[in-house]
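Chemist: Shown below is the structure under consideration.
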């Protein structure tokens, strides 16, 4: 069977399809000799490599025998590869192929019955003897009348697998999956070039890799991938159909001329003879494909076919090393490589654009071989200008040959041709000038504005075109311009937009089939085609409206929904309306029109929002009326009045408030609620101005009442802003104030149950804080009233001092609110409303994870407007708008029915009754100090706030959102103003525990990815690479979380706090110890919440970001540390860099290495509170070594702590401290010297080399660690070392300390190795010995279990990993080798690992991969 299959394979290699461009080294061409066949086959094998060659075999056999199963095709392909290797091996007989071919024909027809269904095979097998031999050897493809590939399947994308099946197949049988894709694509498109089919399979499996290994939303990703491929295949089919129409309309000669231009531009290094031969082959292939009658399956693309043919010309490829390396690739990888091969000529030594032969020889060739000479002229111009359009090359060639004809008939040929060449050069210079202009405009205007310019230009030139056609052509020309302008340095940019426009039109199926006149013009070339299109444009002007659409609701809907496309459509419409207008004038008109639309739509949007807000406020007012009752509603109205008219008395204000409350209740009666359009602010003003007895007699109020309603509102606003108290005078509201009764009157009022005192307190707070929310004023007043009520329960002697304390406490709460408000307003002022609203979007998304994007935007906009109003005064006078409180207010102000389920329950708490629990304890004391009662009152607002704080986030979503590349580019184009916000929402709801700045950074990374990749020539690879980077960033963050939680679980809270104290003291060395300790405990509470089982899935708490957020939230720290306020206005990496560059002011602390303590105090602290002592020591060491590793700082802190213990119990305390300090300073200097050596090694070796050696050291020191952990720990250490080494001094880094710290921070590792837990609890200096003992025990257990080293992964698995992430493969090699050869030096192991990575590429191409790996591994072991 084996021999038969061998012969069968050889036979099929020369079977059919001879004379075509499908010659990837796997078939024989017509009349081709066996020596030449062997040369081609062996050249293809050597050029492609075994893996790619086998892929071509799979494609070839599937195309020829599509009815055969995949198993049979794979068997044929494997035999094919083995035979070619056998016959191409050194020492193989010259007649190897011929000998095999002579004996296989009978085997094909007798052993492969299913192949007879293929028409050509069946026809040959029906013959006998020499006729059969001739049929197999000389058949020229599908016979006439037999039809094209009857076994071909319908045109669709590959079969639809469910995500679980295809991802499992991808993980376990990647090679089989790849063969399946090749088989499926080849059955559906048997006319496509091998390279094209391989490119499709490669792209599809790359997409599968992304969906299965990177993206977590597998189903959505695969569905999008299939849709993209359906579109891609349809587009490729349309290109082929257009090619067929071009061939039919132009004729063979002109078509071949155009192919010469394309092929020359594709391979400018190739000689004319080779280009001509390739162009002819492509013309034959295209003609054959287009005559088959199956154009929907005819995938013939120029670039893949020319690449196939070019790479088979080994004699030429061998002269170009870069070209040779490209040809070793396949599919789109090879296409991309060839596109980046540099043109050989430079501007100084560029080839001429006209033939260099003497005039006599030119005339002879032109007269004797006009067709060939015409092609040579076309080649010469294309060779010189590889970026120009086909039509322009044809026009220049026609121009030159016309004048050559005249010169050849002239008596003085030399003078004539010299004149012609000069004129030709002048013509070329004109085009160069135009090209430079387009390049300058492209650079000057940028992508979007340049696109608008093109749309205007093309809509003027072709007014009968649809918007979609103009937009597509503009995009095409923009890509050409970008490519052309990148070649300006070598003088090859040769671009004129008219020719590019007409080339694009003539390639467009819709144009060719839609207008007969267009087809007629496209059949012409050069200037004739230009004139034809000019005439066409002048006779076919589109009928358009005289004026563009003015402001309307429909126009604003388009403006908001279409985004940038709206601008494109405006440019298109203006170009149609004014085809003769100057471009500068058009730009001015379009700019003015767009500005008008923006103003109009902004005004309409503001008005609509104002109306909605009034309706919403009226609705909320009615809800308050129904739920609170008249008295409580009057209290709230009183607060609003006091804020607006701070000059009025309490009596007047309360009277008007009560009257207005009655009006509201009447307005909100059940029969009128839907029509009650009452906004409290304006209605109150009406009430005030109509009440002549209460307030209107006040001069300032009377003056406001005389104004127009809008001006009146402004006037009342100015009243409250000018009368408001400043931050410094806030204490008046709760301090000694004539408007407040004395303590006797207060207590009498409380005893009688009179609520007027509480109302009076609310009034005083309201008039001093005119921009505070009503609930905040109520909260402050309630706090004071409850404290005062508790004071009144004391004896008369203690009441006054107690009330004074109560007022001070209320004053402090007010001051805190003012400070928070001031911080909010300062932040808003510093980062702007847009950036501030972005942060609100994140906070809302994290709170309401099931809310839609539109809901989040609406709430965020309302909240940002409210905060902006609160902060509209420059000095933020009286603004008590707490961000947390305002956030919840904004969420709950959403109309009923549209609230997300997750937050509806919290908002409904405001409808419940107030829960009050009061515990009163009275203590009478004869001293002046009095312990007041403890009163706890939980209001509805506080219940709501608590509910929001404890919301259980829905974290079942993937870590990163999935949008296809095309979706991202379309979203960026259509809604650029909402693009960033969408990803803030996406990342916020996926990571509800993440630091705000971390969410910002991830969203910005997505935006930058889209900006940089959309419209690029290699956008797919750009997206793939950057998506991987983002996913790795997320995985790294989750690894950080696991490390934090592992550290918390394994070491306990006390040790965790010590670690945070160290980190915080390093991040903010100028902050006080008390503040650092407080922040460390706050971060512990965050970590405990984050590391709880119900939050672990959504926990995205990366330490540096969280620490930065906490530091920046603390007003005291921000005030203490110079420059911190500026940094805190930034976010993400920008803020981290800013904080890293803050100056460390440690000069006043004396010795940099070792902190100095008061010996008496430190011994007292050790006795009374040893935990705080350790924190203080860590704080002092941390701030002195702000760039060092935490484990290093902790090591010396522990040494110092032991010294304190020893010295405090010594009789000679002072002498002991002096001695111990000196010893520790010496050790620190020694460690710094080691750190300097590490930094020198890092600088000399480079980051990559350094990290590889760290991987080896970690894997050798901790054989119990899996590879992923070793790589993760080594990467983190390299990053820390890099940061530490940026500063020349005081760098403490040690690999062993870092490794042990990482192992102790990995909860999963500790659970798997319980013995490590004891090591982690010991002192840092003692951990090394403990870990060594553990590793020795682990190694002994492995020996007993006869599993000394991990088994080598299967060859297929190694190759899968290598193909997917080749840049990370070196890590696997390092890890494997250090476990197998542990006694070798790290530098030697690294060299072997690099060698291993090098031969992996070869072994993964080999047929017997396992044997190849075995042989190579044995070789490097013995080397």
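A Cβ is built for glycine as well, from the same backbone N, Cα and C atoms used for every other residue.
Keep in mind that this is a model prediction, so the values were computed, not measured.
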Chemist: Could you tell me which of the ranges 910-936, 964-990, 991-1017 is annotated in Swiss-Prot as region 'Disordered'?
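Modeler: Feature region 'Disordered' in Swiss-Prot: residues 910-936.
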Chemist: Which of the disulfide-bonded residues 125, 135, 439 has its Cα nearest to the Cα of residue 221 (disulfide bond)?
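Modeler: Out of the listed candidates, the nearest Cα belongs to 439.
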Chemist: From the disulfide-bonded residues 327, 439, 1359, pick the residue whose C-alpha lies nearest to the C-alpha of residue 135 (disulfide bond).
Modeler: 327
Chemist: I'd like the Cβ neighbour count for residue 125 (disulfide bond), meaning other Cβ atoms within 10 Å of its Cβ, all protein chains included.
Modeler: 21
Chemist: Using DSSP and collapsing to three states, where does residue 1014 (disulfide bond) fall: helix, strand or coil?
Modeler: coil
Chemist: How far is it from residue 311 (disulfide bond) to residue 125 (disulfide bond), counting Cα to Cα, in Å?
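Modeler: Just about 34 Å between their Cα atoms.
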Chemist: Quick check for the class: what is the C-alpha distance, in angstrom and rounded, between residue 870 (disulfide bond) and residue 969 (disulfide bond)?
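Modeler: Each residue's Cα considered, residue 870 (disulfide bond) and residue 969 (disulfide bond) end up 38 Å apart.
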Chemist: Taking only the residues in the repeat '2-1' (913-916), give me the average pLDDT of this model.
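Modeler: A mean pLDDT of 38 is what the predicted model shows over the repeat '2-1' (913-916).
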Chemist: Rounded to a whole number, how many Å is the Cα of residue 1014 (disulfide bond) away from the Cα of residue 1404 (disulfide bond)?
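Modeler: Residue 1014 (disulfide bond) and residue 1404 (disulfide bond) have their Cα atoms 33 Å apart.
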Chemist: Looking only at 96, 124, 211, 1128, 1284, the disulfide-bonded residues on record, which one has the least crowded Cβ, with the fewest other Cβ atoms within 10 Å?
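Modeler: Result for the disulfide-bonded residues 96, 124, 211, 1128, 1284: minimum number of other Cβ atoms within 10 Å at 96.
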Chemist: Select the closest residue to residue 87 (disulfide bond) from the following disulfide-bonded residues, measuring between CA atoms: 124, 125, 327, 969, 1112.
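Modeler: Going through 124, 125, 327, 969, 1112 one by one, the Cα closest to that of residue 87 (disulfide bond) is 327.
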Chemist: By Cβ count within 10 Å, point out the most packed of the disulfide-bonded residues listed: 484, 1014.
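Modeler: Selected residue: 484.
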Chemist: Given the disulfide-bonded residues 96, 485, 969, 1284, find the one whose Cα is closest in space to the Cα of residue 1404 (disulfide bond).
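Modeler: That would be 96, the closest of 96, 485, 969, 1284 to residue 1404 (disulfide bond).
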Chemist: Going by Cα-Cα distance, pick out whichever of the disulfide-bonded residues 211, 484, 969 is nearest to residue 439 (disulfide bond).
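Modeler: Comparing Cα positions, the closest of these disulfide-bonded residues turns out to be 484.
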